[in-house]
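Novice: Below are the structure tokens for one structure; questions will follow.
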Amino acid sequence: MKILIAANWKMNKNRLEAKDMIEKLMSMPEGIPPQRDIVLFPPFLAIDTIKEKLKNSTIVIGAQNFYPAPSGAFTGEISLEMLKDVGCSWVLIGHSERRHIIGELPTLIEQKTKLALSYGFSIILCIGETAQEREAGLVNSVLEQQLRTSLTDIPSKAISQLVIAYEPVWAIGTGKVASQQDIITAHTLIRKILHNMIGNTSQNIRILYGGSVNSENASSILELDNVNGLLVGGASLQAESFMKIIHAGFSE
């Protein structure tokens, strides 16, 4: 399977800054290698601008959030229909900042997962433990609970739309990176849980690592067992560092 590199810009970059960054990325001589799938998750207001700049590119656009209803009295929210209208084909679900800062509950994450898959969106479902849960020895149970809560009873035809991102909460934006053994252990566990839930087709689900990924550590992380890509935060905000990450892990 192809390595997937996903860029989560979070609440960064206005439209002009987003346009400038994409123009710089697309003009770099390295180019986007065919060995990589690339998804960008910009702020909502930059989606249209970026989509226009990427119309001749293999890079695709996703949204960082949406509300699981087709329309209605949900002040401040965005629907999947609206995202389709601006050309989004991916959505990010369950990111630790939405779980722990915004306060999204497992039931909402489950609703979002199932609705997005039913609409034909590809999704990156984020899971991961807090520092307190890790210290209490709860990593395995937390990851299994998050997966089972979100993915129980999803139709087999939707498996190809699903990507999992392991993001230990204590490593998000902190500069701390999980050790290689921690990553291998978590990704191997995730792969086992997915197999128990879904069966052999789960082998087609890509598992990404996210957590203070940068151009210096990307290659070594991609070499690890059961790591099929990266979810990149701050290091995706600059064209130079993001291009290095895109090219990490192989020689042309």
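Cβ atoms here come from the backbone N, Cα and C positions, even for glycine.
Fair warning: this is a prediction, and the values are worked out from it, not measured in the lab.
Taken from Swiss-Prot, the feature substrate binding site covers N8, W9, K10, G173, S212, G233, G234, and the record attributes it to sequence analysis. Sequence annotations record features per position, and here Swiss-Prot assigns active site, electrophile to H95. Feature annotation from Swiss-Prot assigns active site, proton acceptor to E167.
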Novice: Among the recorded positions E167, G173, S212, G234, whose Cα is within 10 A of the Cα of the residue listed as 'active site, electrophile'?
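Specialist: Matched recorded positions: E167, sequence order.
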Novice: Within 10 Å of each Cβ, count the other Cβ atoms, then let me know which of the recorded positions K10, H95 comes out lowest.
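Specialist: So among K10, H95, the recorded positions given, the one with the fewest Cβ atoms within 10 Å is K10.
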Novice: Would you mind checking how many other C-beta atoms are within 10 angstroms of the C-beta on W9 (substrate binding site)?
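Specialist: W9 (substrate binding site): 21 neighbouring Cβ atoms within 10 Å.
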Novice: Based on the record's binding annotation for substrate (N8, W9, K10, G173, S212, G233, G234), what whole-number value in Å is the widest Cα to Cα distance?
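Specialist: The two farthest binding residues have Cα atoms 14 Å apart.
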Novice: Measuring Cα to Cα, how many angstrom lie between G173 (substrate binding site) and E167 (active site, proton acceptor)?
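Specialist: Counting only the Cα atoms, the answer is 11 Å.
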Novice: Using the Cβ center of N8, W9, K10, G173, S212, G233, G234 as the substrate site position, which other residues in that chain lie within 8 Å, going by their Cβ?
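Specialist: Along the chain, the qualifying residues are N12, I172, V232, A235, S236, L237.
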Novice: What are the sequence-distant neighbours of S212 (substrate binding site), meaning same chain, six or more residues apart, C-beta distance under 8 angstroms?
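Specialist: Long-range Cβ contacts: A171, I172, G173, T174, G175, K176, V177, G233.
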Novice: Compute the C-alpha separation of G234 (substrate binding site) from E167 (active site, proton acceptor), stating it in Å without decimals.
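Specialist: So the alpha carbons of G234 (substrate binding site) and E167 (active site, proton acceptor) sit roughly 14 Å from each other.
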Novice: Helix, strand or coil for N8 (substrate binding site)? Use DSSP.
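Specialist: Once the DSSP labels are grouped into three classes, N8 (substrate binding site) ends up as strand.
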